[in-house]
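Some features that TrEMBL has for this protein:
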type    : residues                                               : note
BINDING : Gly79, Gln80, Thr81, Ser82, Ser83, Gly84, Lys85, Thr86 : ATP binding site
DOMAIN  : 1-154                                                  : domain 'Kinesin motor'
Amino acid sequence: MMEIPPRASALVCIQTYRKNQRFILVLFHSNGNANTNLSLLTDRVFAADETTSQLYNGIAKPLVVSTVEGYNGTIFAYGQTSSGKTFTMMGTSRTPGVIPQAVEDVFQSIKNFPKKEFLLRVSYMEIYNETVTDLLVDSWKRKPLEVREQINVG
Ligand SMILES: Nc1ncnc2c1ncn2[C@@H]1O[C@H](COP(=O)(O)OP(=O)(O)OP(=O)(O)O)[C@@H](O)[C@H]1O
């Protein structure tokens with residue numbers, strides 16, 4: 001179980017695509033309190049016949065929409081190779097994944113605040129083994145990003 005501050009919520013869903021293969025989509029929604037203690041909690045398990053849209057609308061969309069209201073949100077997929085992380089996060093032109101649907105919803109949600117100004121920034125990084133790479137840099141210029149640590153905050 002988990003301990004979370006009152007204005008934060010976390011949600012972990014497990015998607016089963018292939019038998020014996022699991023990946024976990026973790027959604028984390030907080031008021032920015034870095035001390036949140038999150039241990040594993042499963043709120044939902046999606047079966048193989050449930051679509052990415054069902055998964056997105058069921059659990060990711062509320063978090064995406066609330067980021068426009070000022071909450072922090074994280075969605076990440078974790079699982080063994082070929083378990084369906086890319087399929088779920090990126091999708092295809094016929095079945096868009098979590099990322100394109102989230103981008104669409106961010107722009108739609110902004111329209112609900114015509115008097116506010118928003119700044120949207122995007123970064124796109126790969127973490128492979130211990131190496132972090134910026135995928136928005138031309139491939140011939142790419143070099144691993146430095147991972148910096150601070151004594152107090154890690
Ligand atoms: N829900 C799904 N429905 C249909 N096909 C799927 C589904 N999930 C994954 N696949 C297919 O399974 C294959 C492996 O999926 P995917 O590439 O998303 O795995 P991955 O977890 O990102 O793997 P890796 O860690 O090796 O990058 C792909 O061909 C993908 O199209």
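Each residue, glycine too, has its Cβ placed from N, Cα and C.
Here the features listed in TrEMBL are painted onto the structure.
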residue: Gly79; record: ATP binding site; CB count, 10 Å: 17
residue: Gln80; record: ATP binding site; CB count, 10 Å: 12
residue: Thr81; record: ATP binding site; CB count, 10 Å: 7
residue: Ser82; record: ATP binding site; CB count, 10 Å: 12
residue: Ser83; record: ATP binding site; CB count, 10 Å: 20
residue: Gly84; record: ATP binding site; CB count, 10 Å: 20
residue: Lys85; record: ATP binding site; CB count, 10 Å: 20
residue: Thr86; record: ATP binding site; CB count, 10 Å: 11
| DSSP three-state assignment (helix, strand or coil) for Thr81 (ATP binding site) | coil
| message | Given the binding-site residues Gln80, Thr81, Ser82, Gly84, return the subset with CB under 6 A from an atom of ligand 1, ordered by sequence, or none if empty. | response | Thr81, Ser82, Gly84
